Amino acid sequence: MGNSNELICIGLEGTAEKTGVGVITSNGEVLFNKTVIYTPKIQGIHPREAADHHAETFIKLLNEVSGVIPLDKIDLVSFSQGPGLGPSLRVTATTGRALALSLKKPIIGVNHCVSHVEIGKLKTDALDPLTLYVSGGNTQVLAYTGKKYRVIGETLDIAIGNCLDQFARYCNLSHPGGVFVEQYAKEGKKFLKLPYTVKGMDISFSGLLTASMKKYDSNEKIEDVCYSLQETAFSMLTEITERALSHTNKPEIMLVGGVAANDRLKEMLEIMCNEQNVDFYVPEKQFCGDNGAMIAWLGILQYINGKRMDILDTKTIPHFRTDMVDVNWVVKSTENELDILNKKRQIPRHLIGKGAEADILKGRYLEWESITKERIKKGYRTAELDEMIRTRRTVKEARFLSIIKDFSVNSPHIFDIDIENKKITMEYIHGKLLKDLIEEGNLEFCKSIGELIGKMHEGKIIHNDLTTSNFIVNTDAYMIDFGLGKYSDLIEDKAIDLIVLKKSIMSIHYDKFGEIWDKIIEGYSKYGHSELVLQYIKEVEKRGRYL
């Protein structure tokens, strides 16, 4: 190692079209950080051309580094091992190996996604954030729990950056397209109705992209299409982040990734955080997009916490998921850090609950105990979109809470519906949330939960927001919160329903996940369609970006 107490690491980033080199110390001081983007002459990234760009650019950037700090002062070499494009990753890994061997220094391959989270924490005051990671290749909602960054929500098809870039290419805009979409969106005035697809804490952009292209083809102004595309997509992202916040009760939210540079997305998330009374963080622009400093910083964190890697272990991992990384550096047993990790989002005292969509107030309806669920206005959404969503979901919830009883699924009785004010007054169920029972170690009702879901699916009803927060248990189990519900007998929709539940369990009940999931599936398997649905879960999960 070097002569001082500081460890100096050089990081090489090259997962797609951006080539980055960064140098950082173990005290978090960035000595060098530069990224050069490959801009294709013809729209779209060609993997081989991107790899050639890396090969040329790494040499230039390393020469620049040597003018700032002698390379023999480097103590550690870190490189992005994945996820990413195969050709790009191979060039990056080869450069890292050659550099480590020539300098006779240790080498560590790191996860690109986790690097974004850790550089964000370094460059902000965030300590235990719920993280929205948005880029050209990734869209994930992440939370640290059980020594991993768990993927609580993610895209079911394409990433948000990819969506924006594809639309820009369709409109003959230059790469990277998201920048031009943002510029045009600022001039848009007319909001165009587009598909809004949220499934629990997961999200889908493919339908939105196709519809936006059709709007462009129908001679709508490009400014209005970009405005509507951006407002719809970013509202969806903000909503799934808020849903994850409601489920995990994290005290802070952080935005990272290349799309984090978008001012409108930052504005939306900040508004939501103010409404939920949690802190919001986003690193400065140079640390939002892909960069070498983030790779170097994660290399340091892993190295000083015991990670070692032989040169033979540096094979690239194109499908390197965030939740594959063992995270042993977050808590180091100081009382202050433990207090931070135990800190939770606070719910206003006059409410008995505050979800992602609604405030829950306890009261009385005639002689019965009741709760009133009010879908409150969301300041981050345009007025037209907000009114449409709140009205539609209030109607849906009232309808499905009533219909679900026809299939022997318990749900609260509805006393009153106020569509104008987006309120539903319903029976107060004495009991505990399934989430709280599991935290107490009581898994007795998990099999019954599986049976309820099976009955619901036999009735061709999809909940679309199955989490352990949406079941109440006393002597029986009750299902609640049908605002995203729909009719469908598609095997895929039933599989996605269960996947949403699976992720919610893993996000906060990771230590009991196997036992909980086995019991739920045991109950669900009583129903005739179950075998096909359970098989299809594996097919849907394979679509996950970098699974």
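A Cβ is built for glycine as well, from the same backbone N, Cα and C atoms used for every other residue.
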Going by the L-threonylcarbamoyladenylate site in Swiss-Prot, where Y133, V134, S135, G136, G137, G178, E182, N262 are listed, which of the candidates D125, D165 is also part of it? D165
H112, H116, Y133 bind Fe cation according to Swiss-Prot; which of D263, D279, D290 goes with them? D290
According to Swiss-Prot, I352, G353, K354, G355, A356, E357, A358, D359, I360 bind ATP; which one of K344, K373 is annotated to that same site? K373
Residue from G178, N262, D290 whose C-alpha is spatially nearest that of I352 (ATP binding site), among the binding-site residues: N262
Where H112 (Fe cation binding site) sits in the secondary structure, as DSSP reduces it to three classes: helix
Would you mind listing, in sequence order, the residues at least six apart from H112 (Fe cation binding site) in the same chain with a Cβ closer than 8 Å to its Cβ? E13, T15, S80, Q81, G82, P83, G84, D290, I295, F320
Looking only at Cβ atoms, how many others are within 10 Å of the one on G178 (L-threonylcarbamoyladenylate binding site)? 26
If I take the Cα of H116 (Fe cation binding site) as reference, which of the recorded positions G137, K354, A356, I360, D465 has the closest Cα? G137
Work out how many Å separate G137 (L-threonylcarbamoyladenylate binding site) and D465 (active site, proton acceptor) at their Cα atoms, rounded off. 25
